[in-house]
Amino acid sequence: MAFNKMFVMLPVMLAARKLDGEDPQVIYMLRCVYAAVQTIAIGVVIFVYMKANAVAKERSNNVKIYPFADPDAKTKYQEKVLSNHLVSTARSLVGSTIFGIFMTVGLHLWKGMIVGIAIQSIMCPFNLAENPLIKAIFFKGGMTNLKEKRIFGEKHRDELEKSDEIVDAAGNQVVLKKEKASDKKEAETKAFEDILLDTWDMGADADISPLMNSLNKKNINSSTTENGWTPIMIMCGLGAKSVPGAMRQMKSLGANPAKVDKEGWNALHWAAFHGCADAAKVLLSKSDFDAISLGLHKVTDKEGKTPLQQANDESNTDVAKIIEEAIPAELGDSSSGLRKRK
């Protein structure tokens with residue numbers, strides 16, 4: 001059961017009315033306490049804002065969720081992208097905190113009110129603790145595995161019920177694909193893109209067998225609608241133990257590691273960013289994908305970064321070393337070939 005802060009707020013309000021608003025010493029002490037509390041609060045809020053923005057950039061959080069559109073509408077959910085919702089919630093926290101400070105200080109300077117300062121000095125930590133981002137960072141182990149922690153009380157698409165009403169940011173109703181009557185039949189006819197994204201959502205602990213069983217020569221290079229992710233990209237970023245064998249199976253089906261997503265990343269970019277050394281080895285091996293001859297190491301994304309730069313920027317030194325070792329070998333073979341042609 002959630003703590004009801006009214007049990008604290010009511011006694012504080014009654015006690016604040018007993019304070020002598022004309023006593024300079026009382027006013028000075030309240031100002032000091034309020035300034036100290038709000039300074040800490042601003043520091044916490046800025047830290048949470050920076051943390052939320054950093055986490056929002058992670059690819060694993062670029063998924064749709066359905067948090068409550070309104071606390072009073074228990075069956076109404078709003079379709080949002082988790083990364084965007086993190087940023088907007090952090091901005092709202094910063095804005096409300098700063099607005100509250102200006103309001104309280106303004107009333108104190110204009111009307112000489114000390115009750116607001118006294119109440120906010122005590123209630124500030126309780127108000128901050130109600131924010132889902134602060135709960136996640138300080139009480140739930142940090143901003144990791146957000147899809148499992150469900151810090152916004154959200155649902156995922158496969159958990160929505162028929163009675164749940166879904167709206168977009170503008171308040172327009174969103175109609176999802178109709179579910180099959182039988183769960184077994186639904187599992188058998190599940191869309192390939194859903195299987196692909198579900199595999200990615202599970203990360204390194206993913207059971208890749210549903211994805212591998214659904215792959216064929218027709219869909220091996222298909223990409224997701226929103227981000228342009230392909231099966232080989234997903235596999236290169238998972239970090240699961242069975243990835244090398246799965247990648248070789250994908251190669252036999254005609255997987256194209258040179259294909260890029262909407263950020264300009266190819267499969268080697270994925271392995272470099274996510275620190276998947278095993279995937280990088282299979283991509284660069286001449287007996288497998290031979291990424292060097294395909295020129296994957298030279299491709300730059302929309303930020304102008306090559307896979308090697310991605311690996312270095314993310315401090316994935318093992319992957320960076322694998323790429324660096326493969327590039328000189330390719331250059332040496334190339335120069336030798338030129339001498340032979342002369």
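A Cβ is built for glycine as well, from the same backbone N, Cα and C atoms used for every other residue.
With a threshold of 8 Å between CB atoms, the same-chain residues lying at least 6 positions outside the signal peptide (1-21) that come near it are 27, 30, 112-115, 118-119, 122-123, 126-127, 130. Among the features that TrEMBL reports, signal peptide is placed at 1-21.
Among the features that TrEMBL reports, transmembrane segment is placed at 28-50 (among others).
For the transmembrane segment (98-119), the residues of the chain that approach it from at least six positions outside its boundaries are 9, 12-13, 15-17, 19, 21, 26-27, 30-31, 34, 38, 42, judged by C-beta separation under 8 angstroms. Summarising the annotation, TrEMBL assigns transmembrane segment to 98-119 (among others).
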